[in-house]
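All remarks here apply to the structure that follows.
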Amino acid sequence: MNLTEQITSRFKVLFLSDLILAISSGILTVVLARLLDPSGYGLLFLALTVFGVFSKLARLGIPRSASRYIAEYKKKKRHQVPHIVRAALVFNLITIVITTITLALTHQYIADLLNEPDLAPLLILGVFHISLSSLTTFLLIIFQGFEDIKFVAVLQVIERVIRVILAVGLVLLGLGAVGALWGYILSFVVSVVIGFIYLYKRIEGFRESGSVVESGLRRRIAEYAVPITATHAANTLDGKLDTLLVGFFLSPIAVSFYVIGEQVIKFVETPMGALGFTLSPRFGSQKASGNIEQASRIYESALVNSLLLYIPAGAGIILVADPLIHLLFGPDYSGAIPVLQVLGLYAVLKCVTKLTDNGLDYLGRARVRAIAKGLTAVLNVVLNVILIPLIGVVGAAIATVFTYSLYTSANVFIVSQEFELRIGYILKNVGWILGVTVVMSAVVFVLTGYISGWVTLILIVVVGVIVWAILSVLVGLLDLKQVRSVLL
């Protein structure tokens, strides 16, 4: 099997997995929004946002650093792989213990700071949520270094399906947001047990009797984790603090509007998450082998094809946000409409960074990426503090899009230094994509006035997709034979 076939095979598996994850997450988002009122829904996701911040602290950059060294050592120094995994796990367990103790001691203070006393009972459950979710993420990233994409896909699907069943079931039993949170926690228990059993068996094949850890290896893992940790801290500022600031300045109801917009974008991101996860370790291994030309062409092709999908998708989100929110979540969540329309641009930016940013870690450019992320994250916080009190929850969305566009540009610039990219080729194709998007958007805009329910919404979306597909084929952006080979 050649390189392209390997990448395609792994992408198909992970894409199918991510599609199931996206559908299950979508079901969970909609059902919880319907079962809980906007205030209860916002309170639940405010707690999950706090957990997200602490989870970043619990993981630091340790799993990603270890994964990088696994990808590098698994062929040339196989016997060192068990030592890498063991060192990373010990480091991570220490940080998890410290982080969860900190949350247990400060949960009431956090609830008081956010002026949400009902948040405290949810936050204390974060001790379990953070421990288990951090270990789950540790496993997934370690398996990425092994390029065990199929097992990653299976493990993610198992965890997410169990989460939906338990979270919805416990809410239906009358346990409310607390029940939903226990659904999350119990699903992580299952994934951690399965994941560690598989990891133990996986590293058995790398063990050699009498093998000792390479001098300085633990130190290098810890050192490379530092810039990745800085990036994670910046990601926390960029992706979590905005939600916390909405809760601080506004209310749980406003949080629910913002979270719903983000959840829709996460659903749309599904293919890019799979592609970026599949390609990231491959970029590093190709560079190590001296195959810069091949890696460059892979990145170019992936970038152009991703933009072909996501620029029109972003435009479509902006055009149908109003009927989509009303039909999915109900009129109580109409405040999410302008948020989603602004975040339609965010979807386009995310498609580029999903493909690019983790790949930079495997290319050894984690430090530069961390600086770019840190600067834009601080700017995002400043803009949130200014805009949220002035224009409400939409201000958070505007701040996110503006600062993320700067970060995306920085990512592409850094990649252009590593790869031999044909800038003219990329710009020419982006020009054609924008032309296709304008025509498709004009057709959809004219038809949106006829949307009266699910049937008409779906029909208009289908018309938009058909127009996009026909134009993309006519101008040479879409090759039906290639599409067929990927899908079949």
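Using the three backbone atoms N, Cα and C, a Cβ is placed for every residue, glycine included.
Any TrEMBL annotation is an automated prediction that lacks curation.
Sequence annotations record features per position, and here TrEMBL assigns transmembrane segment to 12-35, 41-62, 83-110, 122-145, 157-175, 307-329, 374-398, 430-451, 457-478.
In this chain, the transmembrane segment (430-451) lies apart from the transmembrane segment (122-145): fewer than three C-beta pairs between them fall below 8 angstroms, excluding pairs fewer than 6 positions apart. Taking pairs at least six residues apart, the transmembrane segment (457-478) and the transmembrane segment (307-329) share three or more Cβ pairs below 8 Å and count as touching. In this chain, the transmembrane segment (83-110) touches the transmembrane segment (122-145); three or more CB pairs sit within less than 8 A of each other, excluding pairs fewer than 6 residues apart. Same-chain residues lying 6+ beyond the ends of the transmembrane segment (83-110) with a Cβ under 8 Å from its Cβ atoms: 50, 54-55, 57-60, 62-63, 65-66, 69-70, 73, 119-120, 123-124, 126-127, 130-131, 134-135, 138, 142, 199, 203, 211, 213-214, 217-218, 221-222, 225.
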